[in-house]
């Protein structure tokens, strides 16, 4: 399947306009409650009951984290014949791979792609519900949580992408949402993984947060929330609140508080950088310079096929911030870059809508 055929599938799914209804959210909440109560896995509790084959894999990162991946190798009833192209789905911040599975099959991207002839691979980032193991550390050990989104780009993404390529013998299509776009863009800007990626669909792309309008996000960024949580020893962030608790608990996976730092830093500084170690001396030891190096989105190889899909109602990845990213990509090959604005969509509508 060519790049434009692949775009057609993604565009169709994102243009359907379905919205998350209260009853649907309640049903997902009940599903996750029963999932945890029975201690069943994703395949047993979520995928197989919908009539899909499901496989589970473990992938170890270079720094010792053991990640779980789930694979839906074909659609219901076997689907279309022939060799299937692999597609990797990478979730966003405070979520795990279940976000691609919690709607009905005709409205969940993982199932839709499987039914349209793709070999679907779903990641669960380190520290999330299904990826909490390490070769030597336990989650009760603060050292387990001593990582940031930089490690996701440097270790998790190469491990999962490399695993899928080795298993299938093919380059893969990549789909990332929110932080899943930030990690991919960062890696691509350094020329990493490009030889393993056939195309990348970036949903609610996060590269700039200058125009972020969500009040909670602005307050958190201004208050240095990620840094403060880390300094106070709060390694694991629990986003429970009085409003929408059930819904948040049904989609949030409680990763390390350091994951929140880049959002505040990007908002305050207006640039994307590697992890800031907090002092000139520490940065000098890590990078050979007093401040963390910047990621330059303009360095993304111009021949890499990219789809940027973003929402007019997104208060985190604002339309004006996406335009800044598109400005960085102004020299990208014209036939390898597609930008899609879905006016009525907000940040979570792209995965939970």
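Cβ atoms are placed via backbone N, Cα and C, with glycine included.
Since we're looking at a predicted model, the values are computed, not measured.
Around the Cβ of residue 178 (active site, nucleophile), the same chain contributes 91, 92, 93, 95, 203, 204, 206, 316, 317, 347, each under 8 angstroms and 6 or more positions distant in sequence. If you look up TrEMBL, you'll see 178 marked as active site, nucleophile.
The feature active site, charge relay system is assigned by TrEMBL to 314 (among others). The Cβ of residue 314 (active site, charge relay system) lies under 8 Å from the Cβ of 204, 345, 346, 347, each of which sits 6+ residues away along the same chain.
Taking all protein chains in view, 22 other C-beta atoms sit within 10 angstroms of the C-beta of residue 347 (active site, charge relay system). Among the features that TrEMBL reports, active site, charge relay system is placed at 347 (among others).
Among the features that TrEMBL reports, domain 'Partial AB-hydrolase lipase' is placed at 46-103.
What TrEMBL lists as signal peptide is 1-17.
Helix, strand and coil counts from DSSP across the domain 'Partial AB-hydrolase lipase' (46-103) read 12 helix, 20 strand, 26 coil.
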